[in-house]
């Protein structure tokens, strides 16, 4: 068996094992934590898109949430206007965001660093205006109402499935597909060429890697992954500008940094932190007499502190720290 | 490669073993059936609410929860409802529908609320109403007048309004315009500024139903929640169009920003503002943040026309106002600014009063289904501070169907135009507008609802 096939098999086993683990875990969780775990999987896909873009190719995006929105709108438009299934919606979301990423990536390849970050941020900020300009199709600033629906009869006849559990079960195969795809991609020849561009553009060019084209390809792939995550994320109830605000992009970036930019395991751990940290804080302060006005903002405050501490003390994030210890 | 293979194997076995162990460990606790209603115990009823406590739409509205809690604390001090104390859990959704989805999930699944009460916002509520309804969670006294939530109970069987619909209100306001500003309407001198969500669109629909259609040049809109960025362009456009009367279909903060901006531009039309957008203290607070003195703000508010289904909070002789004001003084534990008596506090108190009445009516054996059945069967018989009757039935979950039109005086009190309060009543469809003969029942001496 050649090396590529072995990596492919190893990633398949890892993805399936994680899937089985989370599937079994869904039976032990209360609905709230089932919903939170589903949210982890949705955001994890978004963070994976950053892992590819920033971790593998070194490009910075502050507007990844807007790419998720493109996927969300593509999927929701199809579901609400044509009655398509959510699974078809996912495919369309990936395709539409890939095309959007191609257009954006072509422009993005000409800029780098803070300019690229600024460009992507502007796209995220422009989203409400775009949604409002095409109100009849995109639902204006309210958005399009979509959801996960209910389990098919053959499942609900077998077992009682709650709304949050169903969310988790839908999110699981989608996230695992993204995980499997990204894991293989990062370990592939293409992934290595992206990393070469990230580490030294001139060196990569000398080695025969077309730098500009590579950057565009990475943008397309990253966008497609973000679009998939966005379609899934929108199914929580609504696809609209307020669902994909700039703060979503920053949350994705926070998760990527906390876990370790460029690490797939780090992406998962970082997402777990940003999703479950508010609950941990809630639990920690539950016995204290703190006003709601303050306690409602404590998670954001502490996440910010954690982010700053990570950047200053351990810039490589959780997985980066583990990696250093191994060596 | 051998090492890598064995590592993967160990990793897989570890995860599967962990999952199986955790499943087995927790499974016994799931075997115990829980029969009691969610959010109800022998001593407590947990209610949930979401509203903008921060952000552009928060001024004014952020006082509603403190007022509701104050009324519940008062009820609790009197022994609660059937021996159960009422606990209100509040989440800030910043008037962002994306956040509302998360806060609702927390209230439902983590705080395990029995019912949602008094949630504020149209576009925010749209994002969760379907989910709340399919779970069978009572969604009482929603602070939105969007008719789409209430006119088809088959669609949203658990949602009940706290306000008259924007369509009802706008129909009555349009009728007022036709009778009092016919010349301006005929000359195309009446304009509108509205927020581009179902709230704003409902307002436009109400006017249209009465034959008041605003010319395109006189129509300005903005994205709900974006008023903090300024509404100068819209106000300038209305000024340029030469309108002499402007209808505002937007939240209170947007109203204040609009009128404040117009004053700076030297644009002084007559203003007609939707009831939820016209609150004197919110108006003054926003204008103060723009550098206007309280006296200047009061001057700008004087003469602004609005509608109401309730007494004005400035009516010191109204028995509900007197009773609620006293409870607010004694029980409101909110921030100093948030407990200043005004329209929002009156509305919060009134929702607290109605919620208490509904919980009483649903009986000792409190269930979600029982509460909804009570609301549909007997909800219309409940009285409140409002001067309008309630409309709840199995055919509609709309609240108030009557409004009176007034104008703010120099003391920032909404007073009936012409001196006599006339309540007009209509429906959210094509029904006629007639004068209401409803007489509000008196409030009990202990300020608690009496449900029999």
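Glycine is no exception: its Cβ is also placed from the backbone N, Cα and C atoms.
Taken from TrEMBL, the feature transmembrane segment applies to A:12-29 (among others).
Sequence-distant contacts of the transmembrane segment (A:35-53), counting only residues of its own chain at least 6 positions beyond either end whose CB sits under 8 Å from a CB of the stretch, comprise 22, 25-26, 29, 59-61, 64-65, 67-68, 164, 167-168, 170-172, 174-175, 178-179, 182, 185-186, 194, 218-219, 221-223, 225-226, 228-230, 232-233, 236, 248, 251-253, 255-256, 259, 261-264, 266-268, 270-272, 274-276, 279. As annotated by TrEMBL, transmembrane segment applies to A:35-53 (among others).
Sequence-remote contacts of a segment are chain residues at least 6 beyond its ends whose Cβ falls under 8 Å from one of its Cβ atoms, and for the transmembrane segment (A:60-80) they are 46, 49-50, 53-54, 86, 88-90, 92-97, 100-101, 104, 113-114, 116-127, 131, 137-138, 143-146, 222-223, 226-231, 233-235, 239, 241, 243-253. Per TrEMBL, transmembrane segment is recorded for A:60-80 (among others).
The feature transmembrane segment is assigned by TrEMBL to A:86-108 (among others).
Sequence-distant contacts of the transmembrane segment (A:115-134) (same chain, at least 6 residues past either end, Cβ-Cβ under 8 Å): 59-66, 69, 73, 104, 107-108, 140-141, 143, 240-241, 244-246, 249. According to TrEMBL, the transmembrane segment annotation covers A:115-134 (among others).
Within the chain, the transmembrane segment (A:166-187) has long-range Cβ neighbours (under 8 A, six or more residues past its boundaries) at 7-8, 11-12, 14-16, 18-19, 22-23, 26, 34-35, 37-38, 41-42, 44-45, 48, 51-52, 56, 86, 90, 148-151, 221, 225, 228-229, 232, 235-236, 264. Residues annotated as transmembrane segment in TrEMBL: A:166-187 (among others).
Sequence annotations record features per position, and here TrEMBL assigns transmembrane segment to A:216-235 (among others). Nonlocal intrachain contacts for the transmembrane segment (A:216-235), taken as residues 6+ away from its ends with a CB within less than 8 angstroms of a stretch CB, comprise 41-46, 48-50, 52-53, 56-57, 59, 61, 64-65, 67-76, 86, 89-90, 93-98, 100-102, 104-106, 108-109, 144, 146-148, 167, 170-171, 174-175, 177-178, 181-182, 185, 190, 194, 197, 243-244.
Under 8 Å from some Cβ of the transmembrane segment (A:255-277) lie the Cβ atoms of residues 36, 39-40, 43-44, 47-48, 50-51, 54-56, 179, 182-183, 186, 299, 302-303, 306-307, 310-311, 316-321, 323, all in the same chain and six or more residues away from its ends. Under the heading transmembrane segment, TrEMBL lists A:255-277 (among others).
Among the features that TrEMBL reports, transmembrane segment is placed at A:297-317 (among others).
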